[in-house]
């Protein structure tokens, strides 16, 4: 067993970045191997590492075990706080040919398409610790900017966290924590345990905390049919059918799969990503609040989950909450119904990081806006980080109190634009690699050229292509892709015509449709006309001469000039890029 783990660790060290190996693989230790059942048990020192290794590396470790023993091996990951101490004994350099079977050949057997041992998202060039520091456009790179913390920052002997499951609106009560205690374990004492209760379902989270804090956290939410005030006390009742689990990500509602590592970066989102990394490394100190806006499926949610996951890696005790705006509204309503606003406030006002998605859903919800205003003020005063996403710029949101709008504007506001062609291709290739499927580059370019709006549309198209290829037993080619997406491409081509583009642009820029064909050259007419030509080239299959004919019989060189000019300006002008995105979304319905 020791020989296996030495060889497996050596192989994983070759496949991973130094930071990934040091953080996730080095603390593991094999516990036992059953020769009869071929069952292998591997221990992790704390719950956070256990959950992450199971989700990200279990497949590769299982494959290495099967290859080593040349049999079907089942791998079980278990929790053992002493694992790190024993792990060092297994981390000696592996000797060539020491495997029981084919282990000495493992570095030739990484799963195709991943380049990183068979699991998605593990690419050295994209890891924060392995790439050049990020700098905001126009600024020099900052020392240490964009780096992951050292392995020591992940902490050994971390507490085990329990959390409720199946309850997205759960609100465990918590006492406010002084700003000085944040980032240092939030005032928790390693020897003190206390049940942390879920304010919606009455479920329990087992956490470690300071005795003084424990006395302030005695609220237990009522079960259904129970009077709100009957829940006070330290009891441990639970809703029937709900058992507490112990994944820190579920308690924070973070998706552990969404990280900076597997976030594809391009011109459209590089500023947002750089700002997100800066916030993740310095929460509450810069860019507070961070406000990200853009259309659906552009990566806003992925980015804010990445921030939360990075903070959890630095400090697993951090109080983090990801919540959609509609769920926050629901929390406010339930707190009102149960007369539990004190507990509601204690929880939300004591967070270290609040990630709230799609804030535009607060529109018209006056009581929710009032409660969020108080929470926002409390968090900022405590130097906690607030991150907000929306589909539009703060001042363009309707039905939101001016006080909130001014708070949203007080930090850093960054747009995430639709991905450019190269980025769309990169996204498709990375998604395909995650599925262990080889998609030819020309196919990725074909799909990216025809589908421009957002990442979800690209993912949906890729799934259709893969399913069509599997069902019909055909290799993925442009012809197969065209057949798989024929309905989608037909709908797009049918909906978008040059005439429709001209009308939409004329309405958007408040000119007459007739101006699209005229010879008038004032800037307020020529500019929209050039934009319409650009969109006609991008969104239809018309040739340059055909487009020129539809714009009053203009020469194809005039159309080409307009297309090149708008394309160049789009890459430099955020406002123009935003306008074009709005027009594209309008035309695509």
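Every residue number used here counts from 1 along the chain in the order it is shown.
Here the Cβ of each residue, glycine as well, is placed from N, Cα and C on the backbone.
Here's what Swiss-Prot has on this protein:
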- 297, 299, 300, 301: ATP binding site (BINDING)
- 1-73: region 'Domain I, interacts with DnaA modulators' (REGION)
- 73-252: region 'Domain II' (REGION)
- 108-143: region 'Disordered' (REGION)
- 156-197: region 'Disordered' (REGION)
- 214-249: region 'Disordered' (REGION)
- 253-469: region 'Domain III, AAA+ region' (REGION)
- 470-589: region 'Domain IV, binds dsDNA' (REGION)
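Under 8 Å, Cβ to Cβ, and six or more positions away along its own chain, residue 300 (ATP binding site) finds 292, 293, 294, 357, 389, 416. Same-chain residues with CB within 8 A of the center of the 297, 299, 300, 301 CB atoms, the ATP site residues themselves not counted, are 294, 296, 298, 302, 303, 389, 416, 454, 455. In terms of DSSP helix, strand and coil, the region 'Domain I, interacts with DnaA modulators' (1-73) has 44 helix, 12 strand, 17 coil. Compared over the binding-site residues 297, 299, the count of CB atoms lying within 10 A of a residue's CB peaks at 299.
Packing around residue 301 (ATP binding site) is summarised by its Cβ count: 19 other Cβ atoms lie within 10 angstroms of its Cβ, all protein chains included.
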